[in-house]
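S.K.: Here's the feature list from TrEMBL:
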type     : residues      : note
TRANSMEM : 28-47         : transmembrane segment
TRANSMEM : 59-82         : transmembrane segment
BINDING  : 124, 125, 155 : UDP-alpha-D-glucose binding site
ACT_SITE : 155           : active site
BINDING  : 293, 317      : Mn(2+) binding site
ACT_SITE : 459           : active site
TRANSMEM : 531-550       : transmembrane segment
TRANSMEM : 570-589       : transmembrane segment
TRANSMEM : 654-680       : transmembrane segment
TRANSMEM : 692-714       : transmembrane segment
TRANSMEM : 726-745       : transmembrane segment
C-alpha cells in the first residue's frame, strides 16, 4: 500500500487495482462551516423561544410562532443529518486494465457473474427496452463470456415479455460477435444505432436485423398477444402455450422458468460461446404476499443459486443499460482486494440518465442521492444501495460477515458448486420449487436472508440492514458512466415515484430498525445519520408546507411575523438562508453541476415537499391506521412524442387532474397574490418594507420558482398544461384559505 500526500489531498494506492483520494482541505472547511452554522441555529432557537414567550397572550399569535418553530426544528434536524455526508467525502480510481495481469496464469478464473433484471409491466416498461438492457450486459468484456448468466424476472407474467426475449436470444448470436470484433463501446443496440456510428455494409446488415426484431416485438405488443404466425418452432410454441391458459392472470399463475440460451451449448455465428439467458416469472397467488420487487429479487437469488450460483451478482433496473463493457472488471478491482474483501458486501455505481434536457427541469439526476451523498458515505462505511447498477457478493445475503445464516437446502449455500447443466430436469425441478410463492413461509427470507422486506424502498432498506450487520460497501464512479437509464418526462410520473419512495422511507423511519435508534447502535452516530436523512425525507413536507402558506397568508392580512430589516436578528435569518443555499449550491456545482440544474434541483425539492412528501406522509399514516391505500405502482417508461418534445424544450408536463397539482396551484396563487398586493401597498405608502421584507422575500422566492406553474395555468393550450379543473379548484381553495386566515387574524 502506497500513500501520497499533497497540500490538499492524500492519495492511497491499495494493492494496485484501485486507489483512494481524500481531500483534507474540504474536510476542514466543511467541519468549520458546520460548527459556525450550528451556532447560528442555536441562536435562532433562542430567538424563537423569546417570540413564544411574548405571544402567549394570543392563541393565534402563539400558534403561528409555534408553527414556525416546528418548521425550523425540522429544517435544522434535516440540515444536521445532511452534514454527515460532508464529514469525510472521498473519491476512488480503478485500474481495470490490471485485472488481466491479476489472472495472468489462468484468465478463465474470472468469478462467475449472475445478472438480475427486473420488469413488471410490458405496457409501462416496454419489453424492447428490457431487451436492450439485457443485450448490453450479455456483451460484456468478460472472459470467458460463458461465466455470465442473465436472469430476467417478469413479475407481470407476460407472454409478450417472454416472446421479446426469444427474439433477443436469436439476435444475440449476431450482436455479440459484432460488438467484439468491432470493439463497440456502446453495446445497447438502440443506443448504438442512435449514436454517430460508422456506416458500412456490416453495420447496415446488423441494423436491419435489429429493426426487424424491433418491429416483431412492437407488433406483438400492439396486438396484445403472440399470434401463431410469430412463432418459429415447436419449442417456442410449447413455451408460450403451456402456461398462458384461460385461467392465467398476472396475480395468479404458476412459476415459469424458460432457458433461452445455455452457455456451453449455444454458440454465436462465429462459434464463440454465449452467456446463459433465463426468463423467470415466479409463482403468484392472491393468498400469499409477494413483497413487490424485493420478493422478485429473492426469487431470483434462489433460482440463480440452484442453476449457476455465481459468487458475484449484478442487479439492474429494466431500463438501465450498460454504457461500458469493462464495468465488471471495475467492480472486481474491489472484490479481489484482500484488504477490503472480508467485509465488502457490494460495489455501487451511480445511477445516471441519458437524454436529460439542459436544465434537467425535474431534477432527474437527483445528484444528492446518486452522487454527492454516496461520495460522502464512501468515507464512512460505504454508500447506500440504490436498486440498480450494484454488484453484490452472494455471501452478503446470508448473515453477517462473521455469522452465516444457513438457507433451507444445501443447494442455496453461497459456496455450493453447481455441477449439472441448467436444463437438467433435477435443476429445473428445484428451480421451480424455490420460485414457488409458499417457499418462504416460516423462513428467514426477507428478514435475515436475501433482500429485506418491510419497506417499499427495498433497495435502501436492504443496503441499510446489510451495513447494520457489519457489511461495508464501495462507491465506484468512473468518468464514463457505467450505466445509463431512462428518466420520467412528466411531472406526475416524477412526483408519483417520489410519493412511493416516501411511504417506503417512513416505513423504515418508524420501524424497530429506525436509523435513529437501531442504526445508531449498529453503525455509529455519523453513518446512522446518513440513513436517518433518507428515512425522514418525507418530513420535509411539514416545514415546506407551512412556509408555503403561513408567511404569505399573514402578509396578505398585514401581520408581520419576522424581524424587521433594522432589527439585528434580521441578519441571522440572512446568514441562515444564504449559508444553507450557498453550501448546497457549492456542493452541487463542485460535482460537475451547473447553476441551471441546481436551480431545478432546489425547485423540485420544494415541489416534492408539497406533493410527494406530503401525500406520501398522508398515505403512510392511512396505511398505519389500517386504511386501504394504492400500494405499489410501476413508473411508466413509455415516452409520448409530444411529451418528449415539450420535455426537451424545458416545458413542464402536467396534463392530468391530481390532488398533488391542486396543492401546487394553490400555493402559486397565494404567493403571487401576497407578493403583488404587498408590492402595491409599498408603492402606495400603505405598508413599510422594513417590517415585511422577509415575508415578501419568501413569497417572491416561491413566485420565481412557480413560473412554470403560472405558465401551465394561464399561457399554454397544449395537452401538458395545468387542467382547467385544477386551476378553478385551486383558486377556490386559495380564496377559502385567505378568508379563514382573515377571520382568525381579525379576532386576535
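A Cβ is built for glycine as well, from the same backbone N, Cα and C atoms used for every other residue.
If you look at the structure here, what lies around each of the features I listed?
M.R.: If you look at the transmembrane segment (59-82), the same-chain residues 6 or more away from its ends with a CB under 8 A from one of its CBs are 37-38, 41, 44-45, 48, 51-52, 529-530, 532-533, 536, 539-540, 542-543, 546-547, 550, 554, 561, 580, 744-745, 747-748.
Residues near residue 155 (UDP-alpha-D-glucose binding site) in space but far in sequence (CB under 8 A, at least 6 apart, same chain), listed by position: 118, 119, 120, 250, 281, 282, 290, 293, 296.
Under 8 Å, Cβ to Cβ, and six or more positions away along its own chain, residue 317 (Mn(2+) binding site) finds 117, 118, 133, 387, 388, 485.
Sequence-distant neighbours of residue 459 (active site) (same chain, 6+ apart, CB under 8 A from its CB) are 384, 385, 386, 387, 388.
Within its own chain, the transmembrane segment (570-589) has Cβ neighbours under 8 Å at 33, 37, 40-41, 43-44, 47, 79, 86, 367-368, 372, 562-564, 595, 597-598, 601-602, 693-694, counting only residues six or more beyond its boundaries.
Through the fold, the transmembrane segment (654-680) approaches residues 490-492, 495, 499, 548-549, 552-553, 555-556, 607, 610-612, 614-615, 687, 692, 695-696, 699-700, 702-703, 706, 709-710, 712-713, 719-723, 725-727, 729-731, 733-734, 737-738 of its own chain, all at least 6 residues removed from its boundaries and within a Cβ separation under 8 Å.
Residues 60, 549, 553-554, 556-557, 559, 654, 657-658, 661-662, 665-666, 669-670, 673, 713 of the same chain lie 6 or more positions beyond the ends of the transmembrane segment (726-745) yet place their CB under 8 Å from a CB of it.
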S.K.: Which sequence positions outside the transmembrane segment (692-714), separated from its termini by at least 6 residues, show Cβ-Cβ distances below 8 Å to it?
M.R.: 361, 547-548, 551-552, 554-555, 560-565, 570, 573, 602-603, 606, 651-652, 654, 664-665, 667-668, 671-672, 674-675, 678-679, 720-722, 727
S.K.: Find the longest CA to CA distance in the recorded UDP-alpha-D-glucose-binding set 124, 125, 155; express it in Å as a whole number.
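M.R.: With 124, 125, 155 as the binding residues for UDP-alpha-D-glucose, the largest Cα distance is 13 Å.
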S.K.: Specify the count of other C-beta atoms within 10 Å of the C-beta of residue 293 (Mn(2+) binding site).
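M.R.: By my count, 22.
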S.K.: Which one of the binding-site residues (124, 125) has its C-beta surrounded by the most other C-beta atoms within 10 angstroms?
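M.R.: Max Cβ neighbours within 10 Å, all protein chains included: 125.
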